[in-house]
Amino acid sequence: MQRRSRGINTGLILLLSQIFHVGINNIPPVTLATLALNIWFFLNPQKPLYSSCLSVEKCYQQKDWQRLLLSPLHHADDWHLYFNMASMLWKGINLERRLGSRWFAYVITAFSVLTGVVYLLLQFAVAEFMDEPDFKRSCAVGFSGVLFALKVLNNHYCPGGFVNILGFPVPNRFACWVELVAIHLFSPGTSFAGHLAGILVGLMYTQGPLKKIMEACAGGFSSSVGYPGRQYYFNSSGSSGYQDYYPHGRPDHYEEAPRNYDTYTAGLSEEEQLERALQASLWDRGNTRNSPPPYGFHLSPEEMRRQRLHRFDSQ
């Protein structure tokens, strides 16, 4: 898959605009570092996409294990980067304030590797069960799997309520599954197994033994660690900020952190932005020839062969 080189990287510009509207000082450090790292890899890719994407054939059979680390940090194009990192921005703000920076960094690192491992297991199982070797050659790239895992965590910590997906109210606890199916139906170029892997990793953390295993391996710190003396708050009326917590006084004092989200999201929730992304994906695919799906991160064997031929022809 080859990134589009024509015109301006509108998605990247829009992402930077969102970051600066929120305010760099208002973004927790690990979330900000994750955004910066993904942007840096987009602007300075370490390898071409066909050399960094994740597949059973390349990673397991050919022992190219570095793809487990490279694939989440590479994106197909600027819009793929934008929608992933815009989602990471909001999930990171919520989860890092709740879990603490050190534990959140641990979660991001573990999820980045584990979603890749689960993806390989899913692809291998499907290839063996259906006797279809092409599944072992199917290659995936992007941060979406990690984001699905984080969405499971976010819904676990904020249960109840409904979200609007494609115009339909969906309970929070089912939102990940509905989004999984909706994205696959409306943007078939995306990796269903990659997104499913993220959901499964998230469930392993919230419902399974993964959290306890991570705590046992961490030793000196746990998910209960947070920002000392300061608590982030956000309520349904739209006000937000940082509230200092003092056990012996001044419990109601807070410092406002302005967050007028509507000025740069047009009043859209994350689910409504997803719907716009799916619609834009369909429009873009119908108006662009020989270009990768804008928000997917799936590389078929045919696409990989085409990219190799293109690389040799251009030399």
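Cβ from N, Cα, C; glycine included.
It is 269-284, from the ranges 221-236, 253-268, 269-284, that Swiss-Prot records as region 'Ubiquitin-binding domain (UBD)'. Topological domains recorded in Swiss-Prot put F135 on the same membrane side as T206. Residue ranges 76-96, 181-201 are listed, and Swiss-Prot annotates 181-201 among them as transmembrane segment. In terms of DSSP helix, strand and coil, the topological domain 'Cytoplasmic' (128-138) has 7 helix, 0 strand, 4 coil.
In the structure as shown, the Cβ atom of H195 (active site) sits within 10 Å of 26 other Cβ atoms. A distance of 6 Å separates the Cα atom of H195 (active site) from that of S144 (active site, nucleophile). Just so you know, the Cβ of S144 (active site, nucleophile) picks up 26 other Cβ atoms within 10 Å once every protein chain is counted.
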